């Protein structure tokens, strides 16, 4: 009997000496800490990768804003909802290089798209004879980036604007 008891104590001592604790709460806590550290490393890697891609796209267009299409054709209200659901915005180029980046998307797809023009815009790119309120209350850009008055019911290429200031 003493031999069995001594063997049990010896085995328990070996487990404790190896750090294999019997406490399941402690094991769970250590496991959660390891998982959290792994997630933190993965997040840092993803953030770094995202920033590299964003900087590369910004470098190529000369704009800190990205203009992205899902290739759908929709009216202004549908565009507003789609961009909002995607955490984006209806395009609103504020600088010439932003308008060029926006126009590049339109040229690539051979389509026109809506944009919004602020009341205090420092940059505009109205086509000759525009804005023309008789043509409509909305604004569209052609494949060259020129702006035209348009009906908000026109079905145009869906393009949303995304900008990331980190």
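Note that the numbers count up from 1, one per residue, in the order the chain is shown.
Glycine is no exception: its Cβ is also placed from the backbone N, Cα and C atoms.
Swiss-Prot lists 1-19 with the feature signal peptide, giving similarity to another entry as the kind of evidence.
According to Swiss-Prot, the domain 'C-type lectin' annotation covers 46-161.
Look at Swiss-Prot and you will find 83-160 (among others) tagged as disulfide bond. Long-range neighbours of residue 160 (disulfide bond) (same chain, six or more residues apart, CB within less than 8 Å of its CB): 67, 68, 69, 79, 82, 83, 86, 88, 89, 90, 91.
Neighbours of residue 122 (N-linked glycosylation site), defined as other CB atoms within 10 A of its CB across all chains, total 7. Residue 122 (N-linked glycosylation site) carries neither a helix nor a strand DSSP state and counts as coil. Annotation comment: Swiss-Prot describes 122 as N-linked glycosylation site.
The DSSP secondary structure for residue 152 (disulfide bond) is coil. Residues within less than 8 Å, Cβ to Cβ, of residue 152 (disulfide bond) and separated from it by at least 6 positions along the same chain comprise 75, 76, 77, 136, 137, 138. The disulfide bond annotation in Swiss-Prot covers 138-152 (among others) and rests on similarity to another entry.
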Neighbour tally for residue 83 (disulfide bond), based on other Cβ positions within 10 Å of its Cβ | 21
